[in-house]
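Database features (Swiss-Prot):
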BINDING   Cys13, Cys16, Cys35, Cys38  Zn(2+) binding site
BINDING   Pro123, Thr124, Gly125, Ser126, Gly127, Lys128, Thr129, Leu130  ATP binding site
DOMAIN    1-54  domain 'ClpX-type ZB'
Amino acid sequence: MARIGDGGDLLKCSFCGKSQKQVKKLIAGPGVYICDECIDLCNEIIEEELAETSEVRWEELPKPREIYEFLESYVVGQEAAKKALSVAVYNHYKRVQAGENGGAQGREDAIELAKSNILLLGPTGSGKTLLAQTLARMLNVPFAIADATALTEAGYVGEDVENILLKLIQAADYDVKKAETGIIYIDEIDKVARKSENPSITRDVSGEGVQQALLKILEGTTASVPPQGGRKHPHQEFIQIDTTNVLFIVGGAFAGLEKIIEGRAGAKGIGFGAQIRSKREIESKDQFEQVMPEDLVKFGMIPEFIGRLPVITSVHNLDREALLQILVEPRNALVKQYERLFELDGVELDFERGALEAIADQAILRQTGARGLRAIMEEVLQGVMYEVPSRKDVARVVITADVVLSNVNPTLIPRDSRGRGPGEQKTA
C-alpha cells in the first residue's frame with residue numbers, strides 16, 4: 001500500500017514529479033523526495049563531467065615539432081631519439097583521438113590503426129627514463145615506471161605484470177578512465193632476455209615467462225588489477241582496465257647487443273677484399289642505430305615481444321660536451337638546482353668552468369652517464385652544504401677544479417661589515 005502525504009496525495013519525486021507508484025524507490029529527505037530514476041540520471045551527469053575533466057584535451061594535441069621542442073628544453077642531445085619519440089607519441093594519441101571520435105565518423109570501411117609501442121635502447125644514464133617522464137609531463141597524462149627485473153610469471157614469487165598497471169592507476173588517483181590513456185615506462189627489459197636463442201624446455205619464470213606475460217597488456221587487453229597489489233588478498237575486488245590506449249615505452253641497456261649487430265653487418269671483415277673498420281670508427285657511431293629485430297631475437301627477446309614494439313629507437317653514450325651541457329643548460333639543470341638551494345640560505349654558488357669539466361670527467365670515468373652527475377655534485381658540495389647554513393658571514397661559495405679533483409675546501413667569500421655580499425648594491 002502506497003504512503004499518503006499530508007494533503008492526501010501520493011508522495012512524489014521533488015525533481016521529476018513522478019508519484020511513488022511510478023518509480024521503484026522514493027528516498028525521503030527533510031521536506032523533499034528523490035526517486036531512483038533521478039539518482040541514476042545524477043550519477044550519469046557526474047560521471048560524464050568527471051570523464052571530461054580526466055580525458056586529455058585531444059583538440060590541443062601538440063604536433064611532433066612542438067613535442068620535440070619541449071623535449072629539447074629538458075633533454076640534452078639524443079636528437080634522433082627525440083624525433084622518433086615525438087612522431088610515435090603524436091601518432092599514438094592521434095590514434096586514440098580517432099577511436100574516441102568513432103573511427104572516422106562511423107564509416108564502415110574505417111581503417112583500424114595499430115598500436116605503436118616503443119623500444120628505447122641505450123646505455124645507463126643516457127636519458128631514457130627522462131625522455132619518457134618529460135613526454136608524460138607535456139601531455140599531462142598519468143605516468144608510471146616499472147622495473148622488469150622485479151617481475152615474474154604469475155604464480156611465482158615476485159611482482160605480477162598487473163602490478164605495473166596498478167602503478168599507473170595509482171598515478172591517476174584511481175581514475176581508471178584517465179589511466180587508460182597514460183604512459184608506462186618499463187626499464188631494464190634486457191634483463192628478462194631468455195638465456196639462449198633457442199626456446200627453453202625448462203621454465204624461465206623471470207625471463208621468457210615475463211615476456212610472455214607482458215604480451216597481452218602491450219597489445220591491448222582488459223586486465224584485472226588487484227587494487228592492493230600482489231596475491232595476498234585473494235578475495236579483493238579487481239579493477240578492470242583496458243590497455244588498448246596505454247602507451248608502453250620499454251627501455252634497456254642491452255649490453256652485448258652491439259657485438260651481435262657487428263657480426264650481422266660484417267663489421268669484422270673477412271677475406272682479402274673485405275673492408276675492415278677500426279674499433280674507434282665503430283664506436284664513433286651510435287652502436288644501436290643499425291639494430292634489426294633479428295638482432296634482438298638473437299639477444300634473447302622472443303619474436304612475439306619484439307613484434308609488439310614496432311618503433312625502435314636508441315640513445316647513445318653522452319660525451320664530455322654533452323655532460324657539460326646537462327650540468328648548465330636544461331630548464332632543471334643540476335647547477336641551477338644547487339644554486340637555488342644555496343640562494344634559499346642567502347648565499348651565491350659559483351662553479352668555475354674547470355670544476356664543471358672535472359665533474360663531467362668523473363662521470364665518464366665512473367661510466368654512470370648523466371645519472372652519476374648528481375652523486376658527484378653531492379660529494380663535492382656535502383661539506384659546504386653542512387657548514388654554510390650555520391654561518392651568516394658567508395656571501396658566496398666558489399667551486400674550483402681542485403675542489404672536485406683534490407678534495408680541497410671551496411673558497412668562501414665573506415660579507416662586508418654591513419652584511420652585504422660582493423654582488424649586492426648599496427641602498428640609499
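Just so you know, the numbers here start at 1 and follow the chain as drawn.
Heads up, the Cβ atoms here are built off N, Cα and C, so glycines get one too.
Known features from Swiss-Prot, placed on the structure.
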{"residue": "Cys13", "record": "Zn(2+) binding site", "Cβ within 10 Å": "21"}
{"residue": "Cys16", "record": "Zn(2+) binding site", "Cβ within 10 Å": "13"}
{"residue": "Cys35", "record": "Zn(2+) binding site", "Cβ within 10 Å": "24"}
{"residue": "Pro123", "record": "ATP binding site", "Cβ within 10 Å": "20"}
{"residue": "Thr124", "record": "ATP binding site", "Cβ within 10 Å": "18"}
{"residue": "Gly125", "record": "ATP binding site", "Cβ within 10 Å": "23"}
{"residue": "Gly127", "record": "ATP binding site", "Cβ within 10 Å": "27"}
{"residue": "Lys128", "record": "ATP binding site", "Cβ within 10 Å": "24"}
{"residue": "Thr129", "record": "ATP binding site", "Cβ within 10 Å": "17"}
{"residue": "Leu130", "record": "ATP binding site", "Cβ within 10 Å": "21"}
Local Cβ density at Ser126 (ATP binding site) - other Cβ atoms counted within 10 Å: 26
For Ser126 (ATP binding site): DSSP state (helix, strand, coil): coil
Three-class DSSP secondary structure - Cys35 (Zn(2+) binding site): strand
Distance from Cys16 (Zn(2+) binding site) back to Lys128 (ATP binding site), taken between C-alpha atoms, in Å: 57
Non-site residues, in chain order, whose CB comes within 8 A of the mean position of the CB atoms of Cys13, Cys16, Cys35, Cys38 at Zn(2+): Ser14, Phe15, Gly17, Lys18, Val23, Leu26, Tyr33, Ile34, Asp36, Glu37, Ile39
Cα separation, Gly125 (ATP binding site) to Cys35 (Zn(2+) binding site) (Å, whole number): 60
Euclidean distance between Cα atoms of Cys38 (Zn(2+) binding site) and Gly127 (ATP binding site), Å: 53
Alpha-carbon spacing, Thr129 (ATP binding site) to Cys38 (Zn(2+) binding site), which is rounded to whole Å: 48
Environment of Pro123, Thr124, Gly125, Ser126, Gly127, Lys128, Thr129, Leu130, the listed ATP site - residues of the same chain whose CB lies within 8 A of the CB centroid: Gly122, Gly251, Val315, Gly369, Ala370, Arg371
